[in-house]
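Feature annotation from TrEMBL assigns signal peptide to B:1-30. Annotation comment: TrEMBL describes B:C104, B:C107, B:H108, B:C170, B:C173, B:H184, B:C383, B:C386 as heme c 1 binding site. The heme c 4 binding site annotation in TrEMBL covers B:C253, B:C256, B:H257. Here TrEMBL flags B:C263, B:C266, B:H267, B:H347 as heme c 5 binding site. TrEMBL lists B:C334, B:C337, B:H338, B:H482 with the feature heme c 7 binding site.
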Amino acid sequence: MMAAKLNFLNKIRPALCVLFSALLITPARAEIPDALYTALGLDKDVAPNVLYDALVKRYRDPEQGAGEGAFADLWEPIPFSAYMAPQNFYQGPDLDIEVSRTECVECHESVTPGWVHSWENSVHGNLDEIRGLDASDSRHYKQELIGQVETNLHSMGLLEEGQRLNDVGCIDCHMGVGVESGNHKTDLYMPDAASCGQCHVQEFAERESERDTLDWPQDQWPDGRPSHALSYIANVETAIWAGMEQREVAAGCTMCHTTQNTCNSCHTRHEFSAAEARKPEACSTCHNGVDHNEFENFMLSKHGVIYNASGDEWDWELPLAQAFEQGGQTAPTCQTCHMEYEGEYGHNLVQKVRWGFNPMPEIADNLDHPWFEERKESWVATCTQCHSESFARSYLDVMDQGTIDGIELVKEAKVIMQGLYDDGMLTGQTTNRPAPPAPDEDAPGGFFGFFASQGNNPTAIDVEYAEMWEQHIMKHFKGLAHVNPGGFTYSNGWAKLIRSLARIKDADTTLREKADMLARIKKLEEGN
Amino acid sequence: MMAAKLNFLNKIRPALCVLFSALLITPARAEIPDALYTALGLDKDVAPNVLYDALVKRYRDPEQGAGEGAFADLWEPIPFSAYMAPQNFYQGPDLDIEVSRTECVECHESVTPGWVHSWENSVHGNLDEIRGLDASDSRHYKQELIGQVETNLHSMGLLEEGQRLNDVGCIDCHMGVGVESGNHKTDLYMPDAASCGQCHVQEFAERESERDTLDWPQDQWPDGRPSHALSYIANVETAIWAGMEQREVAAGCTMCHTTQNTCNSCHTRHEFSAAEARKPEACSTCHNGVDHNEFENFMLSKHGVIYNASGDEWDWELPLAQAFEQGGQTAPTCQTCHMEYEGEYGHNLVQKVRWGFNPMPEIADNLDHPWFEERKESWVATCTQCHSESFARSYLDVMDQGTIDGIELVKEAKVIMQGLYDDGMLTGQTTNRPAPPAPDEDAPGGFFGFFASQGNNPTAIDVEYAEMWEQHIMKHFKGLAHVNPGGFTYSNGWAKLIRSLARIKDADTTLREKADMLARIKKLEEGN
Amino acid sequence: MMAAKLNFLNKIRPALCVLFSALLITPARAEIPDALYTALGLDKDVAPNVLYDALVKRYRDPEQGAGEGAFADLWEPIPFSAYMAPQNFYQGPDLDIEVSRTECVECHESVTPGWVHSWENSVHGNLDEIRGLDASDSRHYKQELIGQVETNLHSMGLLEEGQRLNDVGCIDCHMGVGVESGNHKTDLYMPDAASCGQCHVQEFAERESERDTLDWPQDQWPDGRPSHALSYIANVETAIWAGMEQREVAAGCTMCHTTQNTCNSCHTRHEFSAAEARKPEACSTCHNGVDHNEFENFMLSKHGVIYNASGDEWDWELPLAQAFEQGGQTAPTCQTCHMEYEGEYGHNLVQKVRWGFNPMPEIADNLDHPWFEERKESWVATCTQCHSESFARSYLDVMDQGTIDGIELVKEAKVIMQGLYDDGMLTGQTTNRPAPPAPDEDAPGGFFGFFASQGNNPTAIDVEYAEMWEQHIMKHFKGLAHVNPGGFTYSNGWAKLIRSLARIKDADTTLREKADMLARIKKLEEGN
């Protein structure tokens, strides 16, 4: 339906232009997706406190993705877990003293000056400066946001009607919005996304809506995943993560899977800068490396080249929706494309997701399902902000077909690996292949093979195949998706898939020839 | 000859200095190389239109490198090909309407605002602003360039004598310089380098001169290659590119091989910024990765470190020739060294090429040929802008000898690979080694092994050897050439060559021992 | 002792805060470590010339780490060596002319304008500009430094009492401080760190103190190493470096091991900028790549992300000690943490070193030795400038335990490799395993395996194991230490250790099964 509508619009666009060339479609801040209201059973016009309460109830519900997940009895937190999943593991320090709103800042100015400096740079530390900004200032739009925050707090009873917000200090986030004092041991907590959401209801709702906008039509992924909103549960319910013995190494995985638990993955504490979060580097800590190298691909694409060459002249304080027209931006960043949906910008980054991170045959087979087609049309709309529709469609086809081509190589390898496994021919398979750590189960080229080596499990080609399906294909796809030629031809992607496939076929032939030799030797021995 | 002259100059330099210390050699914009006029059979003082016509004739001549090349019957374009080789494949959209000069901009302001914003930032969109610049402005030199453009257009009859250029809008590049209106379906085209060359004759001639300045004395490479000017034909005449089935993956190679077809590989549309094209990032989209990692090497060299640390304080609007003296530049970028030739700067980047991308034994054997020696002297002149001659020569020797050392490892591997291949001993060679896709032909470690896997072709060590001769040696060389120590010791280069060589020797021993075992088993079986 | 003191301080901190919240601990320039005075047998209040003479005596003493080292008779310098170890190998050019202070600059303005431009940007070239700076200028502190330089020169008799320094030109560093003229052939030298140290005694002493502050309690490393102060001797006394035939490739190693010989590794000639040396890129040329990828890890950490997103707004001209409070800095760079020690900043970067570059079992076993514990407390003090103590300790534990986990994988691989080696089962071990180039000696997975391949030495798994102990474990550790999750989970570190271990085990099984097959064939043959 929507695709058809868009097609129609695209067809009559030129005519529209000629007739109404004055019409400018101004991008804007997104509204909270309807799907969220539906999921929560709320009307769209509910008061902020009602929306917030419903959001928090779901956010903190272990039945709906909060907490330690299905394998909780298999792993123990480490002290550092307190900072990655504070709702579950944080306890205040052993400082049984009463502290006041002003004392927090005063004392931490000397004991941890770094975070106080950051806060001093923040909007939180400068509400009055923001309130005094001239309309010409790029940050002027934040005045409206402060007003919204006050409306939210009024609605929740955290700020008296008619009162405005005087300041946002340590205590508001770490002991409670508006409280004047508390006990440094028993009252102190580490904020989660719901803490931020008290003031920033819309942003909280936007990010929480990611759960509601990924309802895979053929169950290719669990509902709501992969998304930032359910990233922690996705982490702790990964079998090898739960099962591996080395908890400090496992903590490395978790360090990126905290977007569910905090807003500070992108808006680094304690400045919580919007400008910082608009830059591609904000995504880079997590979106880099062997299986999610979006950052590298972007930086080497034409988009990234322009960002690198000119980005320091763009006005990063402007909202994304105004960055091109008023801020001098001339190329997209991660945020420009992934936070946009139908011309509007918000904190739901998954409304256009089609492939869902790891390209699977199950998705390739269904790209002409309406669910996928509608999402592709949304991408066309995104790209045509700067490119012709013909260009956009022809490149999206390159991306899709190129990805499908890569998947074919993975499928070819899978057949060989399964064949060797079924025939018991992997190196040491019959003599020395222990099961992976529970709750994981053995399989040729399982994900566990990146994290645990026991006996001959994994073998060299188990790892090779795991790299194919979990890394090379993803880099291939991400190279295509981010228009970095080397990312999908032979620096990464395709050539790495081919190399692994060649190694697997080489091993297949070698292992089977060895088995044949052994059989011949055995026959000779029996004959003697 | 030239080398001798330079040596003489270098020797008397100090004396010259003491006597005439006021003499400053000011770098300047390059003239079009004589070799181009010779190749085109033109006098140096021909009118712009004559030069242009001769350039375009050659540029678009399939006999001289234009078009789809010798394997054209083996591959089909995909829709996206229209944007990579527009002369061959682009057709206007199905919009049979007449549009005027002003309507282009007005309509696209709403349908594709991104590219209009870029054009609004460009010189094209701001001729009068440029004309009004004070002599102190870094962009003041562009006034002269506009004058040259007008001279060119007068000469071609595209601008009436006495008239000046009012504006450069969409229509000038996409329908014809100076036309007032056209049909959006039938008149619209995608510009190629010749389109840009109508106004920018000298720049077009400079880049086209790359064909004429690479005349390899011992045919190590085809004449005119490797160069930007013939990059597309080099792509489409690569056997595996033409032969591989997955055209969308092959498109990734083409995406970098478009410099022949367009100027916008470096001057990104639609700002076509000179400042952007002066930054190393402009080169990075193509010059990175497994076999052309110049960008990575530069960025980790001392040159790159200074660029990274200080580059945002340099004046990028100045011409390259003035950047050090007036623009605060304190370290070279890609452009500083590669666009310079004998003290002047232009769009021919290959006049100092000696090794030619992929270091070959054929080049190593001839480094003392006058052709190579003259080019080395040109490099000495480049480096001695900032370094002593002794420093420059001693480092260039490190670079050459280090590269030769690397080539020796490749040669050692080649002998082993050829031995195994000749003896039919590669894994599966006698049972399951299909030929690569036509027009390619089988060989141990062929280039095709990065792109196609069929049966046991390539084997694991075919790929290993292909990486040696096509990737590790190139990264080794590029690390040396760009003075990145890790680039040629053990992060890349040498240690990777050694590792591949060790793996190949390991396989050589293993495969031959296996053959011996098989022979012994067979003998035993025959004895029974 | 110190740890206990710090713990006590940490416990009473909050109380102190509440009572004396006005107390601010201002970071400051470090004093020269006592350990240096002790090592040199000097009182702390000696005159600059006495300190300098003692420093230079040790710095240039071949018995104490100067010069060509223990393997000097095995290798020959190449021409470029003159620039890496000038004290040993540099000779002036063949220009037997007398030149004056002003002539240096005048002539080189035309022959090598690049380095003159850099000097023109430097403090050396602008002493009077610095002297005239207002107290509000970020570089104002350099006035005090110039005063110190003058005090040093007075003390050494290189500047007459009462006189101030007029200028610092080419001749001061290349012929002698304060001389008016010299012979371009016989008087010219390349400066070493002692040359810089004449004026910059404190900085020279600070960097030289690195030798004195690394006294490993259980001899895990040679005293004073690994450090910048003894990096050249560490290079030339590496067996494979001395033994390898390809001197130009070996030169690549040396290019980073010059910090012992020069200050210009970090303060690039001829601007010698402090601001540049404060940026992470200054460390990047050496601290990147396969075994020291600190730069990559930093850049992908949250620290690096903030640097990338905001660093161009920080005031880099301020001393490190003021960068956070006055310069707007909001995240640490390499320098912030590694040049800091107990709240002060200086040129000794190794006072907090615990693991010492390459994590070894010998260190893991002794992390609760007081030496290590005191250093860990110093790190806690560093981190708690911005983080809570609880956060800092819990992360430092992740780092240590995660590293120990990685070491366990290396140990597991070592047992297998030693077993194969002892049993003579490595590929070709009994038929074709020459010794590595002298003075190196054969061992399974020796470091030489990155640099030399002779026969079947190294085999494929020798290299694999060498990568484990010398590269993967180091990247694992550096990823942990610099808080880059992908750096130690599966982009690098742990997963690469696991992969190599899997390959080694695969080969172990395969090689032993082959030996068994061979034995069975032999038995069959003997039976016939």
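We number each residue from 1, going along the chain as drawn.
Keep in mind that glycine also has a Cβ here, set from the backbone N, Cα and C atoms.
Annotation for B:C337 (heme c 7 binding site): spatial neighbours B:T382, criterion Cβ-Cβ under 8 Å with sequence separation of six or more.
Other than B:C334, B:C337, B:H338, B:H482, the residues of this chain whose Cβ falls within 8 Å of the Cβ centroid of the heme c 7 site are, in sequence order, B:E294, B:F298, B:P332, B:T333, B:Q335, B:T336. Chain A comes close to B:C256, taken from the binding-site residues B:C173, B:C256, B:C386 by a C-beta to C-beta distance under 8 angstroms. A straight line from the CA of B:C253 (heme c 4 binding site) to the CA of B:C263 (heme c 5 binding site) spans 17 Å. In sequence order there is nothing to list, since none of the binding-site residues B:C173, B:H184, B:C253, B:H482 has a CB under 8 Å from a CB of chain C. Sequence-ordered, the extra residues of this chain that approach the heme c 5 site, with Cβ no more than 8 Å from the Cβ center of B:C263, B:C266, B:H267, B:H347, are B:C196, B:E203, B:R207, B:N264, B:S265, B:F272, B:A277. In this structure, the C-alpha atom of B:H267 (heme c 5 binding site) lies 28 angstrom from that of B:C386 (heme c 1 binding site). Max Cα-Cα distance over the annotated heme c 7 binders (B:C334, B:C337, B:H338, B:H482) is 12 Å. Put simply, B:C263 (heme c 5 binding site) is 22 Å from B:H108 (heme c 1 binding site) when counted between their Cα atoms.
Residues within less than 8 Å, Cβ to Cβ, of B:H482 (heme c 7 binding site) and separated from it by at least 6 positions along the same chain comprise B:E294, B:N297, B:F298, B:S301, B:H303. The two recorded residues B:C334 (heme c 7 binding site) and B:C266 (heme c 5 binding site) have their Cα atoms spaced 12 Å from each other. Across the fold, the C-alpha of B:C386 (heme c 1 binding site) and the C-alpha of B:H338 (heme c 7 binding site) stand 15 Å from each other. The separation of B:H347 (heme c 5 binding site) from B:C173 (heme c 1 binding site), Cα to Cα, is 21 Å.
Neighbours of B:H338 (heme c 7 binding site) among the binding-site residues B:C104, B:C107, B:C170, B:C263, B:C266, B:H347, defined as a Cα within 10 Å of its Cα, are B:H347. In sequence order, B:F391, B:A392, B:Y395, B:L396 constitute the residues six or more apart from B:C383 (heme c 1 binding site) in its chain with CB-CB distances below 8 Å. In this structure, the C-alpha atom of B:C256 (heme c 4 binding site) lies 11 angstrom from that of B:C266 (heme c 5 binding site).
You'll find the Cα of B:H257 (heme c 4 binding site) roughly 12 Å from the Cα of B:C266 (heme c 5 binding site). In this view, B:H347 (heme c 5 binding site) is surrounded by 22 other Cβ atoms within 10 Å of its Cβ, with every protein chain counted. Considering only the binding-site residues B:C104, B:C107, B:C170, B:H184, the residue whose Cα is spatially closest to the Cα of B:C266 (heme c 5 binding site) is B:C170. Taking Cβ-Cβ distances under 8 Å and a sequence separation of 6 or more, the neighbours of B:H184 (heme c 1 binding site) in its chain are B:G92, B:P93, B:L95, B:D96, B:I97, B:E98, B:V99.
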